[in-house]
Amino acid sequence: MTVLHSVDFFPSGKAPVAIEPRLPQAAFPEHHHDFHEIVIVEHGTGIHVFNGQPYTISGGTVCFVRDHDRHLYEHTDNLCLTNVLWRSPDAFQFLAGLDQLLPQEQDGYYPSHWRVNQSVLQQVRQLVGLMERAGDGVDAPAVANREILFMQLLVLLRRSSLMEGATNNDAKLNQLMAWLEDHFAEEVCWEAVAEQFSLSLRTLHRQLKQHTGLTPQRYLNRLRLIKARHLLRHSDHSVTEIAYRCGFGDSNHFSTLFRREFNWSPRDIRQGRDAIIQ
């Protein structure tokens with residue numbers, strides 16, 4: 001597995017934060033690094049496989065990667081990221097207690113992926129721009145200014161994330177997308193889902209298409225297929241059982257959609273025939 005080292009990304013041996021844009025981010029094999037990372041998805045879509053679990057990411061997704069996490073990107077479509085790299089909690093001169101602003105693992109579950117709305121994403125861009133222009137002065141005021149900007153970013157993300165439960169349409173769509181990640185295998189009635197999240201059906205369709213480039217049903221199908229591909233690679237369940245586990249009522253229909261999406265049949269994936277180009 002590829003290991004990325006801080007010496008290759010941080011401007012100096014003492015700098016606690018670095019900005020690394022990926023415009024766009026191509027598919028990238030599994031790796032980990034000796035630093036922490038906040039991945040901010042500007043736009044586009046892709047699959048983020050995080051510690052072996054696949055997540056669909058799009059504009060507004062924010063992922064918190066720790067120095068012992070492993071991850072990769074695949075099936076990317078104009079996926080543009082800004083990576084905010086930071087060495088460790090004890091690398092800062094003026095900041096303490098950062099863990100209170102970061103996702104925390106509880107009972108083996110780490111809520112690594114948050115979502116923010118488009119207006120917050122614009123504020124994030126402005127803050128990142130200030131961080132990039134903050135210079136590399138080593139005097140106390142310059143160091144403090146850079147650390148303050150990083151703290152402002154964490155506060156903004158924390159306040160604006162799905163966890164804080166905002167009520168505008170962007171936030172409602174974020175909540176809906178997070179719900180789909182957990183309920184993808186269920187029968188989904190879009191009218192009922194729209195009502196559940198206090199959105200009109202028309203707004204749901206329009207906003208999901210703007211965020212992902214896909215209609216709601218195509219987005220759901222892709223989500224199901226991604227989960228199915230993960231099970232094909234990492235479980236012993238039969239193709240038919242995986243189809244049903246991932247919300248498909250007919251295994252033949254599942255196989256047709258799967259081949260159309262990935263250019264491989266479920267059996268090909270099960271037998272590892274795609275590994276050559278991974």
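Residue 1 is the first one shown; counting continues down the chain.
Glycine is treated like the rest: Cβ placed from N, Cα and C.
Swiss-Prot lists 174-272 with the feature domain 'HTH araC/xylS-type'. Among the features that Swiss-Prot reports, DNA-binding region is placed at 191-212, 239-262, with the record citing sequence analysis. Taken from Swiss-Prot, the feature site 'Interaction with sigma-70' applies to GLU241, ASP250, supported by sequence analysis.
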Neighbour tally for ASP250 (site 'Interaction with sigma-70'), based on other Cβ positions within 10 Å of its Cβ: 12
Under 8 Å by Cβ from GLU241 (site 'Interaction with sigma-70'), counting only residues of that chain that are 6 or more apart: none
Mean of the pLDDT scores, which run from 0 to 100, over the DNA-binding region (239-262): 94
DSSP-assigned states of the DNA-binding region (239-262) in counts, ordered helix, strand, coil: 19 helix, 0 strand, 5 coil
